[in-house]
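Student: Take this structure, written in structure tokens, and hold onto it; I'll ask about it next.
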Amino acid sequence: MYESFLTGKPMDRATAMDLMQYMASPECSDAFRAAVLSVLRVRGVTEDEMMGFYEAMHAPNDVTDATDIVGTGGDMAHTINVSTASAIVAASMGLKIAKFGNRSASGNHGAADFMSETGYAFPKSTGEALRRLSRTNFVFLYAPDFLKEFALFAGVRKMLGFPTVLNFLGPILNPLSPIRRVIGTSDPSFMELYAGIARRSGMRAIILHSADGMDEISPFAKARIMHVSDLVSESYVDASSLTGPLERRNIASADPGAISGLTLSAIRGENEDGARFVALNTAPVLIINGLASDFQEGYEAALEHIMSGGPAEFLKVIAGDR
């Protein structure tokens, strides 16, 4: 059935969905999974294929009136946990945030690593997650608790040793199906794919990639931004004109043990460079929710709120939520 694909021919959406469902079943061999992931790595993924993969792995839950801010990782920038910090800031400003994330697979410091260190207890079901979201405006869903089929790919992904399509599929599989998404990608070729999935799925989304490779809005390079609603538009942000010069050592570290402290001090406003970086990446969350009309307004509102101490107090609340 899949011989033509293995020779490089693109698949339609339905065939791609069938293929991913088969690969996510115990009947599929690791050799076949490795072959498919390798072909996709070499020739790339079409929008129809990505849509089929998404539909195969995404549980058909009701859409949640909330926002997720997530990055693909893989940029090797070793920055603080900025999307998680931005999610906390946005929720402390009154927005409903359903954050989806994982631990680091690269030996650095992932979003779930940071949340664990705050004392946060991950919800184990969508029902529990929705209750948390209702109580506090914030919930963090730990990806392996909800993407159990991904465990079948673990051995193959480790053996292959390169990022596969699953690295880019996982971040958009939030089981609460938030209607609004801010998605950062380290691979610019996935921007149009994410925009296509968002448009075809009825999401509102902001897709972003920075020219220095960050899957965040970088303070050191221009960021390309795609805005998705009924239509897709594009813009660019020169973040340095908003933040001023930032010291890299205040927002990034090759030492995983230092990342949590830098992230926490940014949320508290003690690390001003970190706070500016977090405010910069909170801006698109405010924009997509109608709380800011542009990046400058969103950045300034988020930074003022961080420096007021609101996010630091809010973090104490969600860390104790059970």
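The backbone N, Cα and C atoms fix where each Cβ goes, glycine too.
When I checked Swiss-Prot for this same protein, it listed these features:
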BINDING   G71, 74-75, T79, 81-84, 99-107, A111  5-phospho-alpha-D-ribose 1-diphosphate binding site
BINDING   G71, N102  anthranilate 1 binding site
BINDING   S83, E216  Mg(2+) 1 binding site
BINDING   R157  anthranilate 2 binding site
BINDING   D215, E216  Mg(2+) 2 binding site
Student: Rounded to a whole number, how many Å is the Cα of D215 (Mg(2+) 2 binding site) away from the Cα of F100 (5-phospho-alpha-D-ribose 1-diphosphate binding site)?
Tutor: 15
Student: Through the lens of DSSP with three states only, how would you label N102 (anthranilate 1 binding site)?
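Tutor: Coil, per DSSP.
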Student: If you measure R157 (anthranilate 2 binding site) to F100 (5-phospho-alpha-D-ribose 1-diphosphate binding site) at Cα, how many Å is it?
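Tutor: If we compare the Cα positions of R157 (anthranilate 2 binding site) and F100 (5-phospho-alpha-D-ribose 1-diphosphate binding site), the gap is 21 Å.
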Student: I'd like to know which of these binding-site residues, S83, N102, is least surrounded, judged by other CB atoms within 10 A.
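Tutor: Sparsest of the binding-site residues S83, N102 by Cβ contacts within 10 Å: N102.
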Student: Please report the distance from the Cα of N102 (anthranilate 1 binding site) to the Cα of S83 (5-phospho-alpha-D-ribose 1-diphosphate binding site), rounded to the nearest angstrom.
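Tutor: Checking the Cα atoms of N102 (anthranilate 1 binding site) and S83 (5-phospho-alpha-D-ribose 1-diphosphate binding site) gives a distance of 12 Å.
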Student: C-alpha of R103 (5-phospho-alpha-D-ribose 1-diphosphate binding site) to C-alpha of E216 (Mg(2+) 1 binding site): distance in Å?
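Tutor: With distance taken Cα to Cα, E216 (Mg(2+) 1 binding site) is 17 Å from R103 (5-phospho-alpha-D-ribose 1-diphosphate binding site).
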Student: Please list, in sequence order, the residues in the chain of T79 (5-phospho-alpha-D-ribose 1-diphosphate binding site) that are at least six apart in sequence and whose C-beta is under 8 Å away from its C-beta.
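Tutor: Non-local contacts for T79 (5-phospho-alpha-D-ribose 1-diphosphate binding site): M214, E216, I251, A252, F277.
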